[in-house]
Structure formats: structure tokens, C-alpha cells
Amino acid sequence: MFLLPLPAAARVAVRQLSVRRFWGPGPDAANMTKGLVLGIYSKEKEDDAPQFTSAGENFDKLVSGKLREILNISGPPLKAGKTRTFYGLHEDFSSVVVVGLGKKGAGVDDQENWHEGKENIRAAVAAGCRQIQDLEIPSVEVDPCGDAQAAAEGAVLGLYEYDELKQKKKVVVSAKLHGSGDQEAWQRGVLFASGQNLARHLMETPANEMTPTRFAEVIEKNLKSASSKTDVHIRPKSWIEEQEMGSFLSVAKGSEEPPVFLEIHYKGSPDASDPPLVFVGKGITFDSGGISIKASANMDLMRADMGGAATICSTIVSAAKLDLPINLVGLAPLCENMPSGKANKPGDVVRAKNGKTIQVDNTDAEGRLILADALCYAHTFNPKVIINAATLTGAMDIALGSGATGVFTNSSWLWNKLFEASIETGDRVWRMPLFEHYTKQIVDCQLADVNNIGKYRSAGACTAAAFLKEFVTHPKWAHLDIAGVMTNKDEVPYLRKGMAGRPTRTLIEFLLRFSQDSA
């Protein structure tokens, strides 16, 4: 048996223990079909011994205390999110990964605005499951670590990687709960994480594959398989024209790919007449910037400029799987923003569905143009709430980075509900201003009722939100600018590098709580 990492001083002890058959000769000699992830807490006092979780204690007893013995000689106590792997301790598990959970009993951190204990579990379990995946073991049992939902989220989110177009793929690892714990909470965590992974998949897929039409087809397939209480309408260009969505059409006309207006319904309420919550998502499947073309550096990331549509549609798919007793509508205007002889030109004036005219001074501020018409249409459902999500502005990335989604809302009630949900999920939100100060900058327009960019360079996220507000009359509306959380580099430890699918879990949690409050 050998252990990584292992201090030189411990190698002698390991060999001595090995002679006494405290564990087997190595992973090759064991059954390489299943691994185990177990948690351990940090020491509360300097003289204390680190404490295993209940599952960890039970396993240690099962192997006659060998796990703690080899853990003690293998190095210093594990810090939060760190792992240590052992082999051959038990015939059922070829590898056992012990993961650091941080402080036992950690709760809500009012400065961080999240539940520290849940975040520690997600990060630790993700790290442990990846160790199992790196060993090419196809199955892992996961310690619930005191919160089976958070553990499931860590496992499912942490194992996901988009490698569908590669010849060499990572081993697919099946994660399940270790022991007879809270299976309901585990399955709920799997569902939450799978919803976020669906959004990650949609955002990561190259734009030549994930066209507006293909996006709509993927959502239709997922929603229909989630519940029989669903309807999907894939609206063609002719329907968009009938709806007089001139602002949306002005963006779409620059591309050879036909636009689609995706409309999805989940009818979970026992009262069919119960007004729905309406979600609207920006669906630019590739954003070149149009005539106001972007710099080539990192333009490939603009395959994910439909992140708003991806998150709201994935949220509704997840709500359908949860069988929530509420009615939902999802609206996603889908198109590409491309330069061509037919494309919008700076200085053009277009007319939105509500009759307002828009001066298009920057064709790279196109997301707000397609959202304007979708928000107007959202009001026709007499909704309880309207929430839109969009990778709308680089200014939001500058303001908050990947720390939180920026929320602009005209309702403190709605803000509080979103904020409370985000504390639970760890996918944070932060309230931004909707001052009249910003509205003045976009309605002071030479040629039209409103300009698609502000008068000044400053506060671009705020002027974009002020623009959207011109197409909203509902008293409970929130605009989520998710540009800063679109990708993950290394900021969220339980997400691999790539498209993040945020804040899907926060929106699912918001709906779960809303349905419980309405019951």
C-alpha cells in the first residue's frame, strides 16, 4: 500500500503497518469498481483530535480503527477542501478518500452571505469525487457529511466536465449516498446540480452546434421528459413578425440562422387559472458584436451569451422534475448577433413591441434589444412575478466579478426572496441600483424614445437595467445580470473551469421556497 501525498518520515511507519496488514498492497490488487468519500472536521482546539463524521466513525470502526491510525501518520490534519487517499482498507472499496470539511457546525456567514457549512461540504465532496474519477473508478459512495443535499450537489457539480467532442473522455463516475441516510435530500441535491449542469452544457456547446433551433429542441426534449404538465412552443420568424417584435428582429436579421422565440410552460398548480411566474432569458447563441464588432480575444466565450436563456430554461426543467405546485412560463428570444449587409447599423432606429422607438447606437448592446420585446410579451400572462436573466454587460463583470449575480429590482419583497435563496445555495446575488439617475441617461435620446446605450461610459450595468425598465410595468420584476458569473476559472472550487451555469440553483431554490410559501 502507498499513500499520496506522504511525508518521508511516515514511509517507514507505512511499511511497518503494511507488514501488520493494516491495509493491502495497493489499488491494483483491490476491486477497482467503487470508491468511498468520507468527511472529517477540523480540530476545534489545538489538543483535540480531528472528528470524523458519523459515516466516517462507522467506517473507522468497521476497519478496526485503521483509518484514523493511517490518517494520523500520513500528514497534518486536513484543511477544508483538502483530500487524502487510502487504498485497500476494505474489500468493498478500492480507494477511500478522506476530505476536510472545516469547522463542525459552521452556519450562515453574514459577511460572506452564504452558509459556510454547506459550501464546505460542496467543495470537499467535489474534491473527493474528482480523486476517484482520476483513479478511473466508475462508482463512488459519498458520505452525506451532515447535509445530503449539499453533498449531492458537490458530487454532481464537481464531476461534470464538457468533453463530448473529445475522443478521450473522462471516466463517467456514478455517485450515490453512502449508508441509509436522507435519500430524499440526496435526490433533491442531484436534481439541483443536474439543472445547473444542463445550463453548463447549453452554454459550453460550440455555437455552430447550439444554434437557436437546436437550443429550443434540447429544451423541448428535457422539459417533455421532466413532466407531462408541460407545453413547448417553438415560435418561428413569422410569429415574431406577427407579434411586432421589431427590436428582436433587428438583431436577428444580421445572421443566416433563423431566429426562434422559445415559449415553455409548466402547469404544476392544481388551479389552472393560477397566474404564472414568468422567466425571461437572453438567448444570443453567438455574439460577435454585430457591426460594432468585438475584439477577437475571447470572442469564443460568446457562445455562452445565451446563458440567461440556459439558466431560466434549466430552472423550469428542474421545477418540473420537482413537481412544484406552481405555474411557470419561460420565454427565450433566440438568435445570433452577426455583422452582414442586413445587420443593424449604429444610428438605426427600431420599434419595440410596446411601440417605443429605440436608437441603436451600439450593435453590441443587443441583449437588451431582444429582451425588450420578450419583457413586453411577458406581461400578457398576467404574471405574479417577472424575472429576467442575461449575460448583459461587461460592466457587471467589472463591478462584481464572479462573486455574485447583480440583481436590479423594483420590489424589495422579490429581492429578499432571491437573497435568502442564494444564501442557501451559495450562488450569491447582490442588489444593484435602479435609480432615475440612470434612466435619464438613456431617455435623453436624439432620434428615438430611448437609446440602447447610456450617455456616459460609467455605470454600464445600471444604464442597461434602466433601459429594460422602460419595457416593464409589473411591480414585481427583477433583472439578473449574470455576465460576471458566466464562467468559472478557479473561483468556485466545486465547478471545473468553463461555463458556470450560474445562478440556476438559486432560481430553483427561490421557486421551491415560493411554492412552499404559497401552499
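Including glycine, each Cβ sits where the backbone N, Cα and C put it.
The Zn(2+) 1 site in Swiss-Prot is built from D364, E366 plus one of D274, D287, D444, D449, namely D287. Summary of the site annotation: Swiss-Prot records Zn(2+) 2 binding at K282, D287, E366. Screening the candidates D305, D323, D348, D397 against this entry identifies D305 as the one listed for that site.
Of the residues proposed, R84, R122, R303, the one Swiss-Prot records at the same Zn(2+) 3 site as L202, M203, T205 is R303. The modified residues under consideration are S54, S180. Their Cβ neighbour counts within 10 Å are lowest for S180. Listed in chain order, the extra residues whose Cβ falls within 8 Å of the Cβ center of the Zn(2+) 3 site residues L202, M203, T205, R303 are R200, H201, E204, P206, A207, M210, T285, A304, M306, G307, A310, M499. Cβ proximity to the Zn(2+) 1 site centre (mean Cβ of D287, D364, E366, cutoff 8 Å) flags the following additional same-chain residues: V251, I284, S288, G289, G290, S292, K294, M302, D305, N337, T363, A365, G367.
In the three-state DSSP reading, D287 (substrate binding site) counts as strand. Ranked by how many other Cβ atoms sit within 10 Å of their Cβ, the recorded positions K45, K103, K294 place K45 at the bottom. You'll find the Cα of K221 (N6-acetyllysine) roughly 13 Å from the Cα of L202 (Zn(2+) 3 binding site). Candidate recorded positions: K103, R303, K455. Nearest to E366 (Zn(2+) 2 binding site) by Cα distance: R303. Cα separation, S292 (substrate binding site) to S180 (phosphoserine), rounded: 58 Å.
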